[in-house]
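The structure appears right after this line, and notes come after that.
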Amino acid sequence: MEKRTSYCGELNEAHIGQSVVLHGWVQKRRDLGGLIFIDLRDREGIVQVVFNPEFSKEALEIADSVRNEFVVTIKGTVHARGEKAINEKLATGKVEVLAEEITILNTSKTPPFYIEDGVNVSDELRLKYRYLDLRRPEMNNIFKMRHTVTRTFRNKLDALGFFDIETPYLTKSTPEGARDYLVPSRVYPGNFYALPQSPQILKQLLMTAGFDKYYQIVRCFRDEDLRGDRQPEFTQIDLETSFLTKEEIQAITEDMLVDVVKEAKNITIDKPFPRMTYKEAMDRFGSDKPDIRFGLELQNVSDVVKDVDFKVFQSAIENGGEVKAINAKSAAANFSRKDLDALGVFVANYGAKGLAWLKVEASELKGPIAKFFPEDKAADLKAALQAEDGDLLLFAADKADIVAASLGALRNKLGKDLNLINEEELAFLWVTDWPLFEYDEEAGRYVSAHHPFTLPKEEDIPLLETDSSKVMAEAYDIVLNGYEIGGGSLRIYKKEVQESMFRALGFTDESAKEQFGFLMDALEYGTPPHGGIALGLDRIVMILAGRNNLRDTIAFPKTGSAVDPLTNAPGEVSAAQLAELKLETVKKETN
């Protein structure tokens with residue numbers, strides 16, 4: 001096989017007159033009156049190859065037998081295209097290759113779908129034939145970008161003196177939030193390893209070990225319910241460092257992300273990134289990961305409407321809740337009664353019992369609840385919401401968390417539906433000053449908002465033993481365009497504080513020792529102050545590539561039901577394998 005001289009997509013006018021050897025796949029073949037044209041594709045793009053019997057009759061005869069997706073080697077000379085033959089849609093569109101030789105390296109069956117961008121094919125079929133799906137230029141470009149992003153992170157961390165240190169994949173099951181993927185031990189029947197949800201504890205132990213600056217581009221595993229921006233296995237840019245403040249860790253993170261965006265998109269991002277407290281994010285946007293590319297902010301109108309004779313508002317306020325509104329400027333004409341009813345159904349998915357609304361027409365409030373607003377109250381409401389003719393006012397009244405969840409989700413929906421979002425913009429945001437705990441309705445108790453190793457604010461440490469709901473954390477999340485792309489914090493580094501933390505979470509001293517005894521022991525041997533962050537590589541690439549599903553950024557992903565259609569994983573294993581592990585499967589009876 002002759003050595004390749006160029007990639008197809010690299011050829012341009014500078015190569016005119018040069019002899020080239022190309023390897024690739026036949027994208028398309030056209031027979032035009034004795035001439036055959038082949039679009040040859042490789043990872044860098046497509047170039048047109050011309051087979052002319054006056055130049056090589058033998059090559060023409062072989063080209064006549066090739067079909068789409070055959071793998072071939074072509075030797076020829078680069079020529080300029082005629083002015084009328086230039087293809088502006090191709091990067092190589094000003095040149096073509098006049099073929100001298102062609103060798104068929106392998107044939108191909110007819111693919112189950114066209115290997116081209118924009119093809120209309122189900123996700124299931126794409127994943128079943130993922131190796132074909134990945135041939136499409138748009139998919140190829142995503143993984144080029146992923147490589148660029150990964151390389152940039154690695155180069156930056158190397159330059160900052162971070163050590164790349166691997167932590168084990170077979171580790172101990174510890175409660176970190178989601179369910180673990182468990183791996184049975186053959187040597188110790190009845191015992192299990194867990195695949196790590198993150199290297200959290202182990203990277204902290206590396207700080208105890210004195211490495212000072214650690215990073216790892218690491219796979220993590222969580223057995224959780226899936227959605228578009230989650231997968232059961234995913235990749236983190238994980239880092240930890242000693243003796244730095246959270247502001248210094250944030251500055252390192254910003255430097256990395258600015259470099260990544262510049263390398264991947266050639267866009268310059270200003271720093272420092274804007275900062276917002278958790279409370280402000282929830283109050284203004286109804287989300288702890290707000291998309292700040294557009295307005296539609298939530299506004300508390302409880303004081304304005306508390307005396308209005310509308311029972312829905314009154315009862316919410318009397319029961320300790322609140323009334324908030326979104327003013328969708330100039331949007332009243334966009335929404336019919338039917339459309340607004342549909343928005344009511346939408347917010348019900350987030351716990352809201354309904355969605356009240358008003359339109360402003362000829363300086364007056366119009367809508368089902370307008371009758372509850374006498375002239376003075378109507379004026380107060382319009383002033384509070386800066387409402388003008390043509391505006392649509394949308395209200396939720398309930399407990400604060402339900403109002404935030406429902407109006408926060410509605411805000412995001414309206415931002416898209418009303419085309420308020422600049423899809424080219426990249427809006428980074430730090431969300432800081434988190435509560436250390438959040439209340440879990442299902443469990444009926446407080447749980448860690450991030451993880452059990454997050455350092456409380458120093459002034460709040462005594463509250464761990466008395467009123468843990470009021471404890472604030474030295475935690476910080478990084479948000480991009482409404483997606484959380486990373487979470488970090490300073491960590492607990494003193495044993496007595498970690499013990500208080502476990503007690504606040506409901507651990508007995510015995511259960512804490514059983515689960516985390518090795519960490520507690522390490523904290524007695526001079527663990528330094530430390531902190532870090534984990535950034536979601538898949539999610540960052542998804543956003544930079546303009547996709548809306550993590551599957552597009554992972555070479556061999558799972559479906560929304562955690563199945564791999566390519567390999568048919570998960571699958572059953574043999575009785576012999578189970579016996580070796582001292583395991584039996586229990587099958588549910590079906591009617």
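For all residues, glycine too, the Cβ spot is worked out from N, Cα and C.
Here the structure is a predicted model, which means the values were calculated and not measured.
DSSP assigns Arg491 (L-aspartate binding site) to a strand in the three-state reduction. All protein chains included, Arg491 (L-aspartate binding site) registers 23 other Cβ atoms within 10 Å of its own Cβ. The L-aspartate binding site annotation in Swiss-Prot covers Glu176, Arg222, His450, Arg491.
Per Swiss-Prot, ATP binding site is recorded for Arg222, Asp223, Glu224, Gln231, Glu484, Gly536, Leu537, Asp538, Arg539, and the stated evidence type is sequence analysis. Following the DSSP three-state reduction, the secondary structure of Leu537 (ATP binding site) is helix. For Leu537 (ATP binding site), the same-chain residues lying six or more positions away in sequence with a CB closer than 8 A to its CB are Arg146, Val149, Thr150, Phe153, Ile217, Phe234, Thr235, Gln236, Ile237.
For the region 'Aspartate' (200-203), the mean pLDDT of the prediction comes to 97. The region 'Aspartate' annotation in Swiss-Prot covers 200-203.
Cβ atoms under 8 Å from those of the region 'Aspartate' (200-203) belong to residues 167-168, 171, 174, 176, 214, 216, 238, 240, 451, 453, 516, 519, 532 of the same chain, restricted to positions at least 6 beyond its ends. According to DSSP, Arg222 (L-aspartate binding site) sits in a coil region rather than a helix or strand. In terms of DSSP helix, strand and coil, the region 'Aspartate' (200-203) has 4 helix, 0 strand, 0 coil.
Rounded to a whole number, the C-alpha distance linking Glu484 (ATP binding site) with His450 (L-aspartate binding site) is 13 angstrom. In sequence order, Ala178, Arg179, Arg230, Pro232 are the residues of the chain that are 6 or more apart from Glu224 (ATP binding site) and have a CB within less than 8 Å of its CB.
Here the C-alpha separation of Arg222 (L-aspartate binding site) and Arg539 (ATP binding site) works out to 15 Å.
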